Structures are given as structure tokens and as C-alpha cells.
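Pulled from Swiss-Prot:
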BINDING   R71, D75, H98  ubiquinone binding site
BINDING   H106, W170, H421, R481, R482  heme b binding site
BINDING   H284, H333, H334  Cu(2+) binding site
BINDING   Y288, H411, H419  Fe(II)-heme o binding site
TOPO_DOM  1-14  topological domain 'Periplasmic'
TOPO_DOM  36-56  topological domain 'Cytoplasmic'
TOPO_DOM  78-101  topological domain 'Periplasmic'
TOPO_DOM  123-135  topological domain 'Cytoplasmic'
TOPO_DOM  157-189  topological domain 'Periplasmic'
TOPO_DOM  211-234  topological domain 'Cytoplasmic'
TOPO_DOM  256-277  topological domain 'Periplasmic'
TOPO_DOM  299-315  topological domain 'Cytoplasmic'
TOPO_DOM  337-346  topological domain 'Periplasmic'
TOPO_DOM  368-380  topological domain 'Cytoplasmic'
TOPO_DOM  402-413  topological domain 'Periplasmic'
TOPO_DOM  435-456  topological domain 'Cytoplasmic'
TOPO_DOM  478-493  topological domain 'Periplasmic'
TOPO_DOM  515-593  topological domain 'Cytoplasmic'
TOPO_DOM  615-672  topological domain 'Periplasmic'
TRANSMEM  15-35  transmembrane segment
TRANSMEM  57-77  transmembrane segment
TRANSMEM  102-122  transmembrane segment
TRANSMEM  136-156  transmembrane segment
TRANSMEM  190-210  transmembrane segment
TRANSMEM  235-255  transmembrane segment
TRANSMEM  278-298  transmembrane segment
TRANSMEM  316-336  transmembrane segment
TRANSMEM  347-367  transmembrane segment
TRANSMEM  414-434  transmembrane segment
TRANSMEM  457-477  transmembrane segment
TRANSMEM  594-614  transmembrane segment
Amino acid sequence: MFGKLSLEAIPYHEPIVMVTLAMIALGGIAVVGAITYFRKWTYLWSEWLTTVDHKKIGVMYIIVAMVMLLRGFADAIMMRTQLAAATGGSEGYLPPEHYDQIFTAHGVIMIIFMAMPFFTGLMNLAVPLQIGARDVAFPFLNSLSFYLLLAGVLLVNISLGVGEFAKTGWVAYPPLAGIQYSPGVGVDYYIWALQLSGLGTTLTGVNFLVTVMKMRAPGMKLMDMPIFTWTCTWANVLIVASFPILTAALALLTVDRYLDFHIFTNELGGNPMMYVNLFWAWGHPEVYILILPAFGVFSEVTSTFAGKRLFGHHSMIYASGAIAVLGFAVWLHHFFTMGAGASVNTFFGLATMLISIPTGVKLFNWLFTIYQGRLRFTAPIMWTLGFMITFSIGGMTGVLLAVPGADFVLHNSLFVIAHFHNVIIGGAVFGYIAGFAYWFPKAFGFTLNEKWGKAAFWFWISGFYVAFMPLYALGFMGMTRRLNHSDNPLWEPYLYVAVVGAVLILFGIACQLIQLYVSVRDRNQNLDVTGDPWGGRTLEWSTSSPPPFYNFAHMPEKVGLDAWHEAKEAGVAYKPAAKYEAIHMPSNTSTGLFMGLFLTVFGFAFIWHIWWLVGASLVATIAVFVRHAARDDQGYMVPAEEVARIEGERMKALAKAGALPAGARVESFERV
């Protein structure tokens, strides 16, 4: 009845795991207790769990990303301390099979369940506002996408206490990932977590491409869109083009494991290298899916805090497109050692080097934007400046690895690990944190504490260099990745230094948590009354903070480049409307939540071969969707009187803050 599932699946013999599970259980009880005590279940259900508001969905994505950052970093610091402890005659404190699960989970979590939802959250929060839209093209699909991601998150975390996770590394290469060498459920957890979350990501890509193409404000040309919107658009093009490849590769691995096919096996006609090609045909575009939106954040931040129009706006768009296109022509550089031959390696090596050209264009455009600007050293701009230095180093090491001869020496060494973290942490993570600080007041109505934000930055950037620069040296010294023990005394000092760096990053994360607490505590002293705390240039800053659920009382018209800045310069930033009209909005729905819940059960049942539950959960998922489709809900109308009331309250607050243009009267904002 329960397939392969039994009480033996719970790792009672692993004290670290059991203590972690106990802490998670206590934390969960505390959260449920707090929600019950403050009687917030109804509010949580109606305002968040069933919402289709892109802004709230964006916030939920970011919350998931931050929770998974803590989980992924816990894995990272365990790996670093294990490697420092397991030298010479010592075996460290993690058994090899546990360590293997940790480094696999770390990679999967940080890329799929931390970085991706962080980017998606910022995109949900800002893009519709930047293009003057009231919501995304398919609001229900947006909700479903989030709950598909959450299904993958749940499966990854369930594997901690029920069964095991994959021991293959985050790439899950066969034949190691095949049923012969990984007969447990770990690889199955990996497959279904990635399949469900990947489906959600694909739907998000389609949703936002349609949103940008069809729902821009009247008069907003494509070339006038903010750079963050453009980089997200290019990222969504990559998502739609690449994620189906991952879906297909994992589906083929699934039939290998479940139905004894021989697609990626070493015998009976199978070819493991086909999986490697398919994986990286998705995997390298995935790197640019992560980094392009961060480039967009840096563009917005640089322009805003330099007080200047972004230098080379059009060239930024073309450079982003070039990066996206070239990103599909470089995947083989991940396995130059495969034996494809000198001609193939040369082509992919040159293509990899070419990507540095449009990336360099971006870097110089940011520098020229800063040049002669009146730079304000807020936390977002500090993350941006830290990125420029750190990412440049990571990019140069990437160009080195693009040389096939050098790659033959450094392949699978810690040099590659250092390079990858150099560009992902120094690029994507720094960018997302900058974007979080930049758009936080827009989402919540008050600014983050600057002192703690800057402290977090200094701990993060110093910790990064202390943690990962030694790994470059260790790579040159011959230390390979995925070791759980070393016996070379020359490596030990570098491993100890790397632990110190990880601890510094831990302090940085602690500062961010303190920053959140202090900011919420002191929110009344840091309110964003105007909706434009930074002196922004794009449309999202024309709305209140947080924006009303309908975003714009009137759709912006004749929107050009830096539309909000131009409106402020012309003195028409808060021009009163002649009258307000009713607004059509989509209704909340619980369908996405229940589909995500049933698909989580579906994945869990497939992992443990509980076939009756597979069928039941699939039928339930289809039934919930059919019920939703049959309802044909057309949404609802927000009365003009309600719109006028909300806008009137905002204008009174603006008048009190002295932000209204000269001669404007509050009464003029309340016409219906």
C-alpha cells in the first residue's frame, strides 16, 4: 500500500538530521501558533495564499528565496567546515553519504530554489509596474507557477527527513544517477523537484513574455522599456527556449530509472554523454537567466543613484540580446574533456570568449553613467559597485576557462567552483540583494535600515573574497571538487581560510536578518509617503508605496524613456485626473494552491512507488483545474468611487508631505 515507504526511511541514525528536523518542527509550531494567536488565518488566506496580485506573489517568491538561502547556506558552511576538519588522519564529522547529499542539495537549492525565485519575485514586483500594466497577462497562471515552485521546495525539504536526497552532484550525471548506481529515492526526489518547479518556471516565462508584448502602457515602445524589464524579457526568452530541454532530459532519465529503458546507460545502446549535452544545453542558458535580471537591477540602481539617464540605453538592450543568443552557443565548454575534438572545442571556446564583449559593453555603460554623476552611497549602489569589481574578476577567470587547453588542466577542480561562485554570488546574488533593497519600500511602504544594510554588504563582500580566493589557489594545486576528505598538508591552510570566509558571509546574512527586524520595528520613522524615496526615473515610482491593488487609476499614456523622471521635470508628476472610472480586476482563486498541493503529493507518491496515490493525486489535480475552468470567472469591477477614495487618500498624504505640484488642490483628485 505504501510502496517503498517505511519507517526505515526516517534517518534516526543521523543526529545532525534529527536535530535539524526537530528545529524545523519547533519553528513550524511557533509560526502556526503565532498565526493562530493573532487570528491571521483568514487574512493569510484571502490576502496572500489565494491572491493573484503580481506584487504579493512577488513577495511570496522572495520569502521562499530567503528561506532557501538559509537552508542552502547551512549546507555550504557544513561543507566548508567538513573539508577543513577532514584533513590528514581525521574523517571530519559528516559521513561520506551525508556529505554527498549536502553538496547536491546545496547546488540544487541555491540555483533552482533560491536564485530563480529571487529573480522571479523581483520581476513580479517591478515589471508590470514599469510597463504601466495593472497585472500580468495570466494572473491565475502566475499563482499556479508559484505553487509549482513551492511543490519542488517541499519535496527537496521532505527528502531531509523521509528518505534521502541525490548523492550525484547537482548535475545528476548518469550512469551515476541511473538505477544501477543510485537505487535509492534520492535521484527521484531530485527529478520530481526539478520537474515541478521547472514547469512553473516555463509557465512564468510564457506569462511574462505575453505581458511585456501585449500589456505595455499605450505609447510605450519596446525600445523605451526600462532595462530591468528588457533583461527580464531576454531571460524569459531563454526560459521558454531552454527549460523544455531540462524537462525532456529528466523525463528520459525517469524512464531509464522507472521502466528500465537504456537511453543514458553505458550498455544496450545508451549514451550518458547525451544527458550531459542536454543538461548543459539548459544549464548554461540558466546561468544567463540568473545573471541578466541582475544586470537590469544594476542598470536601474546606477541610473537612479547617479542622478543621470543610463548611458547607452539602446546598446544595453542589444548587449543583453547578444548575451542571450550567445548563451545558447557555449554549453559544450562545460565538458571540453569529452573528446569532441579540437575543431568543436575551438568553436565553443571562441563563442564563450565572445560573450565577454557585450558584457564589457554593459560594464563600461555603468561606469560612464556614474562618471560625473552625483553618486549617493546607499546600500543598493554599494552592492552595485561591489558587483563591478567582483564580477570582472569572475569574468576574467571564465575567459581563462574558455581556453580548452587551460580547461583540460582545471576541469573539475576547485578553480571552476571559485569561478562559478565568483559570477553567481558577485553577479546574481549581489544584484538580487541590491534589487531587494531598492524595491523594498515600493513593496512595503518603508525603507530598509541603511546602517545594517551596509554592514551586511561589507561582511558579504569580504567573506566572499576570503572564502573563494583560496579555492582558485587550491584548483591550481590540483584539488578537485566533491572531495569529502583530503590528505595533502599543503591544502590545509587554504581550507581553513575558506571557513573564515564562510563565517564572515554568515555574519552578513545575520546583519540582513537584523536589518529586517530593525526596519519593521522602526517602520513609522522610515515611511515612504511619496512613493518615490530614491528619486526614481521609471513608472513604478509614480505609484504609492505600496501600490494600490489595481496599480494605476488611469493607464499611463505617451510613455517614453525615463517617463517618471520626465514627468517630474515637466511639473506634471501628480497631474489630477478629470474623473475616475471603474477598473476591471481578476478574482482571487485557490486553484493554484490546491493544484500545487496535489502535485506535491503526486511527486512524493511517484518517488516512493505508491501507485494508487499517484493516480488519486493526478485525478484530483485535473479535477481542481477542470472546476476552475468550468467556472469561467470573469473577475470583478472596482467601483469608480472606491478608486477615487483610494487616490484621494494618497493625494492628501502627498499634500501633507509637500510633494504635490504648485497650485494642485486635493479636491481635484477626488472626481468620479
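Just so it is clear, glycine is given a Cβ too, placed from its N, Cα and C backbone atoms.
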Six or more residues out from either end of the transmembrane segment (102-122), which same-chain residues have a Cβ under 8 Å from its Cβ atoms?
58-62, 64-66, 68-69, 71-72, 75-76, 78-79, 94, 145, 149, 152-153, 156, 159, 165-172, 186, 190, 193-194, 197-198, 201, 204, 232, 235, 286, 289-290, 293-294, 297, 424, 428-429, 432, 435-436, 439, 482
Compare the C-alpha of R481 (heme b binding site) with the C-alpha of each of the binding-site residues D75, H98, H333, H419, and give the closest one.
H419
What else in the chain is close to the transmembrane segment (347-367), if you only count residues 6 or more beyond its ends and a Cβ gap under 8 Å?
295, 298-299, 302, 310-312, 315-316, 318-320, 322-323, 326-327, 329-333, 336, 384, 388, 391-392, 395, 398-399, 401-404
Could you name the residues, excluding R71, D75, H98, of the same chain that surround the ubiquinone site, i.e. Cβ within 8 Å of the Cβ centre of those residues, in sequence order?
G72, A74, M78, Q101, I102, A105, H106, L160
Across all chains shown, how many C-beta atoms besides its own are within 10 angstroms of the C-beta of H411 (Fe(II)-heme o binding site)?
18
Take every residue in the topological domain 'Periplasmic' (337-346), average their pLDDT values, and give the whole-number result.
92
For a quick check of understanding: among the binding-site residues W170, Y288, which residue's Cβ has the most other Cβ atoms within 10 Å?
Y288
May I have the DSSP-based helix, strand and coil counts for the residues of the topological domain 'Periplasmic' (478-493)?
2 helix, 2 strand, 12 coil
Just name the most isolated of the binding-site residues H106, H421, R482, going by other Cβ atoms within 10 Å of its Cβ.
R482
On the Cα atoms of H106, W170, H421, R481, R482, which are listed as binding heme b, what is the maximum pairwise distance in Å?
15
Between the Cα atoms of H333 (Cu(2+) binding site) and H411 (Fe(II)-heme o binding site), what distance do you get, rounded to the nearest Å?
10
